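S.K.: First the structure, which I've put down as structure tokens, then a few questions once you've had a look.
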Amino acid sequence: MKEKYILSIDEGTTSTRAIIFDHNGNEIVSAQKEITQYFPEPGWVEHDANEIWMAVQTTIANAFIQSGIWPGQIAAIGITNQRETAVVWDKDTGKPIYHAIVWQSRQTTDLAEKLKKDGYSNLIREKTGLIVDPYFSATKIRWILDHVPGAQEKAEQGKLLFGTIDSWLVWKLTDGQKHVTDYTNASRTMLFNIHTLKWDKEILNLLNIPEKMLPEVRSNSEVYGTTASYMFFGGEVSIAGMAGDQQAALFGQLALKPGMVKNTYGTGAFIVMNTGDKPTTSNNNLLTTIGYGINGKITYALEGSIFVAGSAIQWLRDSMKLIKNAPDSEKAAYESTSENEVYVVPAFTGLGAPYWDAEARGAIFGVTRGTTDKDMIKATLQSLAYQTRDVVDTMQKDSGIDIPALRVDGGASNNNYLMQFQADILGKKIERTKVLETTSMGAAFLAGLAVGYWKNIDELKHVFTIGQAFEPKMGDLERKKLYDGWQRAIKATRVFAHGE
């Protein structure tokens, strides 16, 4: 009998990947395709949902071809995805009626501000765990219904469907047979009540979004359906695990005990803390969200979302032309001779947690005649670590838990300079996993558990391993001095955006 594997579809903000894992958690093959970014107006970010679907098909086919594995050897498919990004499509034709509005996009700022001014912030916070912000799906759906002629009427007639990217992909993979999402993705829409685990009728009425547009909400580990018979060279494969990218990473890191924290350095950086079976309300602008729901039990989490992380390194490469590829940033940072007096605040699309300032824009401080390109690169890398500390400090305040270590993953966690500086500025141990793609691994774990590929979570503990740890080396006085400088830079950035 041929060996069985798990296929993870990892649909991210800048690219789509298909990764095949074996029973020991080894990555057998990874196929990747970049996604076109559309910027119709300043601050707007959109994707073509059809292009995303084509990229998923291409990467899956390439993974099979490169590995020699055939669909009959796939025990299950797990899906993980960029969250909040909103797709609205025609139920009959299966065609999107507008581009997918991406989580980073600020085109619905006016709608979010109106909700705040009308006094709905507390209601929405209490029900969804989220703050009112253009980041989440709700205002994106409202924007599409407002700006596409006839869309509201069609939605009310049940002719339009909404989904986050997971929902869109399951719809396409099952040839329109299943319109479902999972607890984690639903909890990021600003429409889902995280206490009742249902779409919230009061918020839907407030935004005039018909509930019939919305997908059925399911757990993170169960069989949702099978792929259509004409796909994957004729093999029908169970789709059995789904989670938004950051919750998938939390599960992939096996951060399954209250107080465990992970940071994924992707396009943005996302720090998530397991808070157990009761939601923890933040007094400092962190998000209360669903970590995962399996076997009839919900685990909640606190999250701090940083909008710009890996995309700051892309900015160095693509816009500033200071590096040719991302790994060059590590070498440049080590070669910089500056005393860390330069600060880059990469608020290209506003500031995320704990500030939630949609109007802030990027700024650079402390530049002298002697500042070099390497100093700028180093300061940009350091900005990821400073922003992470902003969130970790806030999590400790909200939870009352002293976080002993931070588990890290994602592309930028491969940068040794950044990881050491992260340990130094936090004064905490950094644990980098052996498999950096824990987002895909988490989706694989969820799918594998659903079909018995792995018997239970104890079996997963033998699969997961820490690759390298970074201990803090910086003294307390130096740490305080550098972080004080960062806080001044943040304050000045916000003053510039808003005036005194």
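Cβ atoms here come from the backbone N, Cα and C positions, even for glycine.
Keep in mind that this is a model prediction, so the values were computed, not measured.
Pasting the feature list from Swiss-Prot:
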BINDING   Thr13, Arg83, Glu84, Tyr135, Asp245  sn-glycerol 3-phosphate binding site
BINDING   Thr13, Arg17, Thr267, Gly310, Gly411, Asn415  ADP binding site
BINDING   Thr13, Thr14, Ser15, Thr267, Gly310, Gln314, Gly411  ATP binding site
BINDING   Arg83, Glu84, Tyr135, Asp245, Gln246  glycerol binding site
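Set these features in their place in the structure for me.
M.R.: DSSP assigns Thr13 (sn-glycerol 3-phosphate binding site) to coil in the three-state reduction, outside any helix or strand.
Sequence-distant contacts of Thr13 (sn-glycerol 3-phosphate binding site), defined as residues of its own chain at least six apart whose C-beta falls under 8 angstroms from its C-beta, comprise Ile35, Gln82, Thr85, Val102, Trp103, Gln104, Gly266, Thr267, Gly268.
Of all Cβ atoms in the shown protein chains, 19 besides its own fall within 10 Å of the Cβ of Gly411 (ADP binding site). Gly411 (ADP binding site) falls within a helical segment according to DSSP.
Of all Cβ atoms in the protein chains displayed, 30 besides its own lie within 10 Å of the Cβ of Asp245 (sn-glycerol 3-phosphate binding site). Following the DSSP three-state reduction, the secondary structure of Asp245 (sn-glycerol 3-phosphate binding site) is helix.
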S.K.: DSSP on Tyr135 (sn-glycerol 3-phosphate binding site), three-state: which is it?
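M.R.: Reduced to three states, the DSSP call for Tyr135 (sn-glycerol 3-phosphate binding site) is coil.
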S.K.: Here are some binding-site residues: Thr14, Gln246. Which one has the most Cβ atoms within 10 Å of its Cβ?
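M.R.: Selected residue: Gln246.
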S.K.: If you skip the near sequence neighbours and keep only those at least six away, which residues in the chain come within under 8 angstroms of Ser15 (ATP binding site), Cβ to Cβ?
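M.R.: Spatial neighbours, sequence-distant, of Ser15 (ATP binding site): Gln32, Lys33, Glu34, Ile35, Ala55.
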S.K.: For the ATP site as recorded (Thr13, Thr14, Ser15, Thr267, Gly310, Gln314, Gly411), determine the largest distance between any two Cα atoms, in Å, rounded to the nearest integer.
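M.R.: Max span of the ATP binding residues, Cα based, is 13 Å.
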S.K.: Spatially, which candidate from the binding-site residues Gly310, Gln314, Asn415 is nearest to Asp245 (sn-glycerol 3-phosphate binding site), comparing Cα atoms?
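M.R.: Comparing Cα positions, the closest of these binding-site residues turns out to be Gly310.
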S.K.: Roughly how many Å separate the Cα of Tyr135 (sn-glycerol 3-phosphate binding site) from that of Gln246 (glycerol binding site), to the nearest whole number?
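M.R.: Cα-Cα, rounded: 15 Å.
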S.K.: Taking each of Thr14, Arg17, Gln246, Gly411 in turn, which of these binding-site residues have a Cα lying within 10 angstroms of the Cα of Arg83 (sn-glycerol 3-phosphate binding site)?
M.R.: Gln246
S.K.: Can you tell which of the binding-site residues (Arg17, Arg83) has the fewest other C-beta atoms within 10 angstroms of its C-beta?
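M.R.: If we count Cβ atoms within 10 Å for the binding-site residues Arg17, Arg83, the smallest count is at Arg17.
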